[in-house]
Ligand code: WT7
């Protein structure tokens, strides 16, 4: 058996004009020594109406101000579309693969340009202007990409809400940014089932007076009520609109999109990304990390409702003139071999997915994979959560036949794109490690007091200086931006993740060190789930922690104290699970609910989550010091009634 502790770069991937180890080192050195020069050149990868002369103007101190390419003028849709028309207008831009294996379609760059222009004209005709917010609540259909790019074309700021979120989650995200327009579909399709998007939207809109117009894609054809004067069919408006549309000139620092993400406290925050730096970062990282070559077919299995879909289904690949595959369905429908069937059908070269999917497929054994050739595959990617070495090796051996390097890409909604990842032709791999930072990225580890740790170490993962794709602020709440990311370790960006760095300088992400959960690669705040639970009339108090889960990475473990007079029961447990699903969405369903007559609190009333995490993980022999608890007997009671 071969030694898999280090897997060297495949020689063929370091040949030609590919980024090899020497080139990577040269780029990293240049980006650190002369960031202005390095990023001025890299800015040339996207289309500018006025190229920038001022490159980097950033500070992590005080009020925190991040500006890249600030005097440049551009439009993101031009970089993704117009820029390619002369050279590859007839090349396929998007391959759409339906939930039903018999339905697919292809859209060329020229066709996509036309569809985006039409929709952009529709938006303008409905009064949408530069800077207005437009919320998208859509399934994985081509119209989702068209809607994003149409917003970008007219300078509107899109805010996509994942189709799996509940009406309440949708309405609070619409209210936070005061969207004037919502784009949705009659229904979505996933794994043979339909998702009632329009019905959910109607419910959400009852509490969203800012929304004046709704554009509805006829997707499944399932009948939905249309409200006169407010709701319009996408196809009717689109057909009537002109097929060309002047792009709005945008400053590099004008917003491109808002995307809500969960933090350790409060409501989800609106992560704001701007135009120039984000586009440069999306293009740069997509090309480098996946070693993207013209003509290749690239498939990222994410949903456009998450940042991965923004950067690596739409903006990055299209900016690079790639053919990007958009998949409406799920990896196990109609069979657990669906991914490999799609790989063979469309001759996919680069495949990018999440560890949770890999673990689920691994459980089904090798046969469903081996049934398909997968010869087109060249690079495999992983994103969203730490990948355990066992899953990594299965992905490498079984899916990639030991031929394809695996790029384990660490990043966040906030970072806009990948920050730590191997480059296929340049970095030797270690199963389970995201390896090394990309050129221009300066990660570091600090201890609890903020002291920088040198060499091999374990600590909190921070980034020392800005990169172009970084978020600029929390929408309408710059104070929260500073507080969340720059106050724990002043002057440094704090990721919220813990990591280990080995003697070779390789990073091994160990997971969140704050109260954020990562369930199947979906990010959730414990506070959000707790507030959903306590909103139930029978719940007095709730504390939510993560627990290890074989498939999901983390599961949701909730401790619930009932209001006096209420009795625990199986029916009530089911009711609470359904309640959370309804309040937030199915991805937030608790995996375990433990009835807790009391919660472990300090004398000042603070819940000691450390103890609750230990009990949930069944690590009760290492609880640590519990002497500061107001009532230490609570702990025994909880241990005795552990669930699962
Ligand atoms: C959190 C960010 C990155 C886009 C999808 C998730 C975890 C992400 C990795 C990885 C270990 C990872 C981190 C991070 N994470 N990628 N390759 N290895 N952990 O974006 O929803 O903003 O979540 O996902 O904990 O902080 P997100």
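Cβ atoms here come from the backbone N, Cα and C positions, even for glycine.
Features as listed in TrEMBL:
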- 26-80: domain 'Acetyl-coenzyme A synthetase N-terminal' (DOMAIN)
- 82-463: domain 'AMP-dependent synthetase/ligase' (DOMAIN)
- 190, 191, 192, 193, 308, 332, 520, 581: CoA binding site (BINDING)
- 384, 385, 386, 408, 409, 410, 411, 412, 413, 497, 512, 523: ATP binding site (BINDING)
- 528-606: domain 'AMP-binding enzyme C-terminal' (DOMAIN)
- 534, 536, 539: Mg(2+) binding site (BINDING)
- 606: N6-acetyllysine (MOD_RES)
Residue 193 (CoA binding site) versus recorded positions 413, 539, 606 - nearest by Cα: 413
In sequence order, those binding-site residues of 193, 332, 384 whose CB lies under 6 Å from ligand 1: 384
Nearest of the binding-site residues (190, 192, 413, 512) to residue 534 (Mg(2+) binding site), judged by Cα-Cα distance: 512
Where the record names 190, 191, 192, 193, 308, 332, 520, 581 as binding CoA, the maximum Cα to Cα distance in Å: 24
Among 191, 192, 384, 386, the one of these binding-site residues whose Cβ has the fewest neighbouring Cβ atoms within 10 Å: 192
Secondary structure tally of the domain 'Acetyl-coenzyme A synthetase N-terminal' (26-80) (DSSP, helix then strand then coil): 22 helix, 11 strand, 22 coil
Recorded positions listed as 512, 534, 536, 539, 606, least Cβ neighbours within 10 Å: 606
Residue among recorded positions 191, 386, 520, 606 with Cα closest to the Cα of residue 539 (Mg(2+) binding site): 606
Using Cα positions only, nearest of the binding-site residues to residue 536 (Mg(2+) binding site) (190, 411, 520): 520
